[in-house]
Structures are given as C-alpha cells and as structure tokens.
Amino acid sequence: MDESIDDVQETRTIAIPLKDSHEDEVIEINCSELPDGEEVLQILEAEEAKLSYWIEVALEYYRQDRVDLFMMILESAGSRAGLEYEGVKQDQMRALDILAAYWMTQGYREKAKDKKSDFFSKATVLFNTADKIAMYEWSHLTVRAWFYLFERDKSTNKYELADQQFNYVVKTNPKNVLPLIGKAVIAFNKKDYKTAIYYFRKAIRQCRHTIADLRVGIGHCFAKMGMMDKAKTAFERAMEIEPYNVSAMCGLGIILLNTYDHDSLKHAVSLFGRSYNLQTDHPVALIHLANHFFFKKEIERAWTLAWHAATYNDCDSIKAEAFYQMGRCRHAQGQFDGAYKYYYQARQANNGEHTLAHYGLGQMYIHRNEIEEAIKCFDTVHKRLPNNTDTMKILGSLYAHVQLNDPAQTAEARQKGRDVLGKYLAVENDDYEACIDLAQLLEATDPKRSLELYENAIDLLVTNESIQPQPEMLNNVGALYMSMKQYEKAEHHFKRAKERLEEQLNTDEGSLLLERRSAPEKSHLLTIRYNLALCLEHLCRTVEAEQMYKDIVKECPGYIDGYLRLGCITRDRHQVYESSLWLKQGVQFDQASPIVWTLIGNLHFAKNEWMPAQKKFEFILSKIFNNKIPDPYSLVALGNVWFEQLLNPSRKKEDEKKYIDRALQMYQKALKLQPKNMYAANGIGCVLAYKRNWNDARDVFSQVRESTSEFYDVWLNIAHVCMEREQWMAAVQMYSSAMKKFRKENDSTLQHYLAKAYYRANMLNEAKEALECAMLDQLDNTQLKFNYAIVLKKSAKEVLRGHKMTSEQVTAAIDDLKFADKIFQYISKNDDRQSSHTGMRISRTICAEEAKNCKDLLTQAKHKLAAAQTQDEEERRLMEKQEKEKIALQNKMIEEARAKEEAEKQKLEDMKNLRLSFIEMTKDVLRLPEIVEEKRRGGGGRKRRNDDGDEFVNDSSDAGNYDGEEGGEDGERRERRKKDKAAKKASRKKRERRDSGGPDSNRRDEKKRKRKEERDRKLQEKLSAKQSAKIKSRAFLSSSESSDDDKPKPAADSSDDEVDPRPPVDEFDSPTRTDSDSDRETTTKKKKKKAVVDSDEGSVSGSGSGSDNDDKPIIGGSDDDDDDKPAGGNSRDSDGSDAPKKKVIESDSD
C-alpha cells in the first residue's frame, strides 16, 4: 500500500484544520520538532481532527523511531478521533492494518516463541476487525497476505492463501509493488526461481524508488540457479544503490568465497567483517566469520561467533549450519562428546538436510565404535554427494569391516563395500588402503581381481611410500595364488612372507614387538608355514610338506591342522594305520573337533567297515552337536553308510527295508537343515532308483543338476536311470556330456558305462572303441575283457548276417572272432583272473560256450569269405567296364566341343571380312558427292539457286552462304548443328502430336513426319557436308494480326549486329517467350523462325502475338518446315475450321 510503514513519503509539516473555522486556518506541526505525545493528543482531540490526521501524525512518530508515541496515538484514535466525515471507514481500516503490520513485524523479529505467538495473535485480531470493514480492499489484502507469509510455520496452506490474495491485488492494482514482491518471495520459496526473477524485475520497474533488497532477491535467485556471474552482478548493483546493505554484502561474499581465488577470499572476508560491524547479529555474517576463524585456528572465537548465529536466528537451515560450526570446533579441540552433541543438533535442526552434519556425526559414531550408525550417516552423505571420494573411502572401509548379527545382512554390506570401493578406485587408483580393503572383500568372490589389487597395493607401498609389504599381505597374496592353482607363485610369496616376519622378529624392534605381541606373531608365523607346507603338498613335494607339518606339530603340539594334513598324506599313500594314528593324536588335543572324527569315519568307510564308520558319525551327531543342530555332513555320511549296505552282496534280505528307511531318513534330515544340499538330494534320488521308482529318481536328479551343473555324480545317475528305462541314446548323450564336461576321457569306469550304452543301442563300433580306451587303464580287468569279447563276437555276427558284404569286412569279422575266441578261452582256463574288481564272478562255462560259438562262426565265415571274394571280383570287372565307357564318352564330348569352337571362330572371321568390305564400299559412296560439288560450283546452279532464293530474308550467316562462303564454319560443325536441329525438330513434333486436337491429325502428322525423314535421309546420302549446309529451309509467313504493325521491320540483307543490339547468339538458340506465346505457338518453342515478306500483304509477322520479341524476325533453323502447322488456336483443324493462312515458300531442295 502506498501509505504503508515502509513506503510513506516524508513531510516536513502536518497541517491540522482548526475546529469551526470557515477559513483555511490550520495548525502546523513541524515534523523535525515533534512535540510530546500528550500535547499532540490534546491538539488532535481539541480540534476534533479527522482520523486520517491521527494516522499521519502516528506514522511520523514511527519514522522517527518513537514507537511508544506511535502506538499511543493509533490506539487512542479509535475512541478520540473525529469520525463524522465521508471515507472514515477507509481510514479506520487503514489504522487497523497499520497496527496489525506493526505487531506482525514485531512477531517476525521476536526470537522467543511465546512472545512471537502473542504478537501474531494481536495482529490476527486487528486483521479480523479490518475484514469486517472492507475485506476486499487491495491495501488490506496486501498486508494480510504478507502476514500469512510471516506466520507460514503455523499452517502449510499459508503460502496458497497469500498467493491467492496477491493475485487478486495484482489484477485489481497492477502497479502495486508489494504484491509483486510477495509473489516473488512465494516463487522463491517454492524453488521457482525464474518466476521469482520475473516478479522482482516487474517490481523494480513499477517501484518509484530504487530498492536494493529487490536486487538482492534477484541475486539469490540467480545463485540458486547456478548463474553465479549474474548473481554477482545483482549483488554489486544492490551495493551501488545501498552501499551498506548487509544482505548484499553477505551474498557477494559467499560468491567470492566459492571462486577459490586468494584476492577474492580476502575481499569476501572483508565484506563479512563490514557486515558484522553494521549488524552484529546478522547470522550469515556470523557463520562465515566463524568458518574463517576456524581455518585460522582461532577455535574459541569461531565457536563464539557460531553460538551467536544459532542464538539470534530462527531459520532452520542457518541454525543447522551454526550448530555444525560449533560441533566442528569441539571436534578440533578433541572434545568428542561436545562435538557429538552439536553435530546431532545440526542434523536435527533442519530435518536432516545438512549434509556435513551427517559426515561429522558419522565420524563421532566411528569414535564410539557404533559402526552401524556410522554407516547410516555416511550412506546419507554418499547418496547426496555420490562423487565425494572421502565419503566413498570411509563408507567402503566400514562396509568391509562391519560385523552384523544376521549373516545375510553382513553379506549385503560386503557387496555394498565392493561397489563403493570399486567406484572410489576408479577415481583414486593410487590409494593403497582402499586397494587392500577391496582386495579383502573380493578374496572369496573374485580372486583374480583381489590378487591384482593386492599387487597394486604392494607396488604403491614400495614406490610411493618406500614401505615393504607386511607379511600378512604377502600371505594373502600367496593364498590367492594357491586358490588359482598357481602353486609356484604361491610358494614364492609364502617364503617372502615367512622371511619378512622372521626378519621383523629378529630385530631389536621386532623383539620388543614380540614381547608385547608374542602370541599373535607366533600364530602368524605358524599360519604362514602351514600354508607353505600345503602349497608344497599341491606341488607333489609331499616329503618336504610332511616334514614341515611334523615340525609344526612338534613346535606347537596343539596345532590340530598339522595332524589332519599328516593323516591325509599317509591316507593317500594307502598307509591307513599310520593315518589313523595321526588322526587319533589330533583327537587327543581336540576331542570335540568334528573334522577329525569325520576323517576317521571316512577311513572306516573306505575300508567297508560299516559299523565303525556308523559309530563315528553317530558320535559326531550325539556328542559334539548334542542332537540340537545336527551336522549335515554327518547325516549324509550316515545315509551313505546305510545305502552302501544295501549294495553289499552278503546283506540279509530281511534287513533291506530297514536300510532303505534309515538311509532315506538321514538324507531327508540333511535336506531339511540345508535345502540346497545337493549330496542329500542325490542320496534320495539313489534310494528311489534302488526302489526302481525311475521317474521320481529322474526328477530328483534333474532338479539337482539344474541347481548345480558341477556335480559329477548326478550326471552319471541320470545316465544310469536312462539305461534302466532303455533310453539308450539319451544315456549315451549323458555319458558323453559328463565325460567332456568333467574331462573324464581317461576314466575307465565311465568308458565302460559308455560302452554298455553303445552296445545296448547296437552301436558296436563305438562300443568297441570305448572298451579299448577303458582297457588301456585297466589291463587286468577281466570284466572289461569279457565284455570286449562279447562286442567283437556280436559285431562279427552282424557282418556275417549281411547280404552284401565285401571280402575286407568278412576278413575283419574273422579277425574279431579269432580274438574273441582267445579272450573266452583265456578267461575259462585261468582261475585267478576270473573275478572282476567288483567281486562279480564270470562263469567259466559261459566263456567256454562262447568260445565254441566263435569257432562255429569262424567255420561259416570261411564260406562267406569265398562268396564275398567272388562278388568283389565281379564288381571290380563291372567297375572297369564302366570306367572305360566313361572315358570314351568324355573323349567324344571333347571332340564335339572342339569342332563347335572352330565353327564359331570361322563364322566370326567371315563376318569381320564382310564388315571390312562394306566399309570400303561406303567410302566410295561418300567420296562421290564431293566430285559433283566441284563441277556444279562452276556452272549455272549457283545462279538458279540465287534466283530461287530471292524471297528469303536471311541473317548474315545465311547471306554468306548464298555468296558461296562458308561463314567461318567448317563442315563438321555444320553436320553437328544439323543433327541438333533434327533432334529438336523431332521433340517439337512430339509436342505437336500431344497438343493436337484429335486422332486424325495425329495420323496425318505421323505420316508426313515419316515421309519427311525418308526424304532427308536420301538427301544426306546424296549431298556433301558443304552442300547440305548451303540448303535453306522453308519459311512461313503468318497472317495473324497479333503482331505490332508500328514496329520497324528489319531489312532482309542486313546483319544481326545492325538490327539487334543484343550479343549474337547461335542460330539454334531459342528466343525468350512468354506463357501466352507457348499457348498459341508450340511449333516455334526453342526454335527461331525466319520472317518472310508476304507479297500479298507486304508485312512481316512473327510466329505469335503478344510476344516480347515481336519486333525481331524469327529465324527458322530447320530445312523441312513444309510439314509444320501452327499449334493451338492459330491452326486449321481437320474439320476445316478457320485459321490464319500461311504462305509456304519452298526452297530449291524441294
């Protein structure tokens, strides 16, 4: 409003009219020397001054900062002012709005919440009273809308109410500045900065005074939009208008701080200092000065300034920044409890929007060892600042070392750590600490990448820091190499780690370290030595490994892993007794170790000692795990024990059901404990297959293979089920796939299985090859030999049964029968070789019978061999005969092709000779007209031609021809021009046919065109080039009246240079014509026609009317115009319609 508290024009005097004065008598109150409040009240009351004068006097006191008198006058005006005049309602509303605005301003500035609420309540009462007088007055709505902005924290819809009222005021009074500023403020708080700038600029244009705060608002909008140059310009402009504007100084100082320039930083600090001197409680100046003194190590001074900023301000974001500065000061002083307190307040002050507060609070949580809370804080920072490398490094390290109660959550944290550290190393690839953390996280999931990171960290330590890697790091590198089966490199790193650790322990510093940390250092050394022995074991240097294990258990008798490895080494040497002794020694040191009891149980299981093995696994379940959480491995092992007893040939029949139930029970228990236990599921499938439930067994095995394709046994079991279901080809495929996938090409057992499948599928050659591969590994296996003989016998029998067989096939079958006979006789006569490795006995009687059958087949094979040889001989003779006939036919075809080729060559030669003779004849014909031309040049033909051509009006070139000159053009050029003219004439004929009126005219034109072309062709054959160039075409004279009679007519014997000032053109160029010319004269398009003097009319006319070139003669360039007709409306149709007549002048060529 124009008379608002901030926008009232200053007056030097206030004139108050005297009571009952008929003249203009007034009492003047000097504004520079205002009297006391009581005196002014007496004057106003005595003269019964109007309410408007009370308001003016009160505002003047407010301008002079005498607020008490201002309030006293306005509050007294309601009951003591004169109200009997027109427009008093408006003044009453005005007085209420001024009072409400005062209380509104006081409430906005008040820090105490209770007082703030009281001030706003008083303003609300006054505004409600003013609403009863004139609710929709624009000045009242403006002030009330600003009141909504001031108390916006009480209700969420205050912005909407204020915006609605501002919109109404702007529509009612568009030039009012206050609603424009209010809309700009609302748009700024809604983060619609472009709209805010629009309203700020509009307010500046409407404002009668230059207000610096509007420029400050524009600067803040540009800063929020990231347009720092424009923001800087706005703040500088505000300071030009008002040099002591604190907000402009602070805004400009913040921009200068972000330039990171030394001079700019000094200027920014000076601006903040000036702001502080002008307004000591300005929070922005206080905060930035606190930040400045913090970096100058004046911590207490920085903390004091930050404390004042937090005390003198109610803005949540500024309070959060102030608390953060206070927490940082306490953090730098080592007062971590105080730092935690202020960081926490900074986070809570602005609803967690202050990012750096989360960072500092996370550091305090790390100091308190509250890793999970620290992870939450740094995770928040990382989401808001995803490219901050410091946050990524700290967060990744926290994820790498946190230990959560839930294993799934721990695994998830590890994965997040991998992601964060990987992103960090992509930016900072020279941080060895991050490399080590990420390498530790990747040891189990990506050993190759982990190894690269470890090696990179070692290189960075050696090159950048000149620090030798620690033994623990070298040990980890060796373990990774060993997991990747690079045992030589693993051995190298284990030895380096061992030497490095021993070197540290032998030094004086290392000795002190050993006294302080003797147990960890010894354990590290034992671990490195154990890993080195394990690596040597993988390198097949078992003697060295065994000695190292013995040294380890001797030095540290309680190192149970050494006993386990010694037991395994002796077990692999088939020294079962010594293996059991080592394992029993391990049991002495650790009675509750399930691994030791498991290895002992496996020893009994390997020796088919079912009862001892059963007791060991039952001991593990009952004593070690107390039947609370059973060991899945022991359950599966017990199931295997019961199932193996089913396969024992000496088992009792009545115990079969008990074994099946117990084995199935153990497998099911293990599967319930570990639903993904493939060994338990495979055991259930084996029990179902034993019960001949082939479909169910196949389903179980298939599910196991779907879950993991690296389980070799399940592939074999699926193939076995296919064999039992007589699916021979499927079994062959499964056996072959398992052999390729698991690289079992040299496995004799698998080859034996495959051979059986081939045999069942009647693929005898493949079965023979598979058995041969199997026998290479087990030469003493009687069962393999027997099966090989069976295959040889059956293969030979199949050959002998065939109707068509060669002598080679019969000979091979005889050899197979002989070898099979030897195998059967060998097995039947040797008692010590008649049992297979599975314990299954091969009957000698059957072998003897098979040998006898082989001999019978050999007898039959001799007759088959003779017949096969006879048949082979006949086939050989037939093949020779066919080959001879084939060769004779090929020779005949070659001879025919040669004769045809010679005939073609002769034909081409004849055609070539004929063409040469034709060319010679043509040359004679072409020379003949030149001789005639020479004779005629001296005769009377020239005179006759000149006489006949008197009617032509020629250009200079044509005139030269009539004089016997060539006009500077040779014969070759004239020939080319004639060809061009002929082509253009043919094109014009086509257009005339297309534009002509009916089919009769088309036929007549076509006939004339053909006759003319035939005549031209004959003429060209008779005349030479020079003669052809001298023949002139016929011209026609149009009788059209469309040409201009008043134009001068060119002389027939004058040249183009004299008549037409235009540059000379070629006689084939087309004159420029209008569209009307094209409509009436299609025959003259792109051609020049010679104008002819008509003897009857004595006038020269062009080829059409209305043309721009009617004053020039149209030169015809064709010599066959006797058949041309004017096109369009100027020609006569076939039905005899009238048209302008043309007089045809024929040349001597006709």
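Cβ atoms are placed via backbone N, Cα and C, with glycine included.
What Swiss-Prot lists as repeat 'TPR 1' is 143-176. What Swiss-Prot records for 212-245 is repeat 'TPR 3'. Annotation comment: Swiss-Prot describes 247-282 as repeat 'TPR 4', evidence class sequence analysis. The annotation region 'Disordered' is assigned in Swiss-Prot to 935-1150.
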Handout entry: Secondary structure content of the repeat 'TPR 4' (247-282), with strand meaning DSSP E or B
Key = 28 helix, 0 strand, 8 coil
Handout entry: Overall pLDDT of the repeat 'TPR 1' (143-176), taken as the mean
Key = 80
Practice task
Pull the DSSP breakdown for the repeat 'TPR 3' (212-245) and write it out as helix, strand, coil residue counts.
Solution key: 27 helix, 0 strand, 7 coil
Handout entry: For the repeat 'TPR 1' (143-176), residues assigned helix / strand / coil by DSSP
Key = 26 helix, 0 strand, 8 coil
